[in-house]
Amino acid sequence: MEKKELYDGFLTLEKHAQQMLREIAAMKDDMAETLERNAELEIENKHLRQHLAELEKDDNKTSDGGVELSKSKQNLESLYNEGFHVCPMFYGQRRVNDEPCAFCTEIIYGEN
């Protein structure tokens, strides 16, 4: 009878461990969504602050000779720098170890 109780104890422990793994996976997914939403909101906040600053100024900034990105490409660049893909194939997914993506850089810095 002792072996049966030991076996039943292991089965119960296994069920609890599996449930805990499911909960951890759900928490991980929630955390990823929260981080992505946070990055989006930070970029939106930055964009709104820039827009407000432009409205408050009477004159426009002039380019200093370098290539100036449009607002939409600046937003894509910000997302990319935050660690997210902006290319059509992987849009919104996190870049693994912030590795560069040729597709993303082509979208941001390539010619129209």
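The first residue you see is number 1, and the count goes up from there.
Glycine is treated like the rest: Cβ placed from N, Cα and C.
Pulled from Swiss-Prot:
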type: BINDING; residues: His85, Cys87, Cys101, Cys104; note: Zn(2+) binding site
Original post:
In this structure, which of the binding-site residues Cys87, Cys101, Cys104 has the fewest other Cβ atoms within 10 Å of its Cβ?
Top reply: Cys87
**OP:** Starting from the Cβ centroid of His85, Cys87, Cys101, Cys104, which together make up the recorded Zn(2+) site, report each further residue of the same chain whose Cβ lies within 8 Å of that point, ordered by sequence.
**Re:** Tyr80, Val86, Met89, Phe90, Tyr91, Arg95, Ala102, Phe103, Thr105, Ile107
Original post:
Other than its own, how many Cβ atoms are within 10 Å of the Cβ belonging to His85 (Zn(2+) binding site)?
Top reply: 18
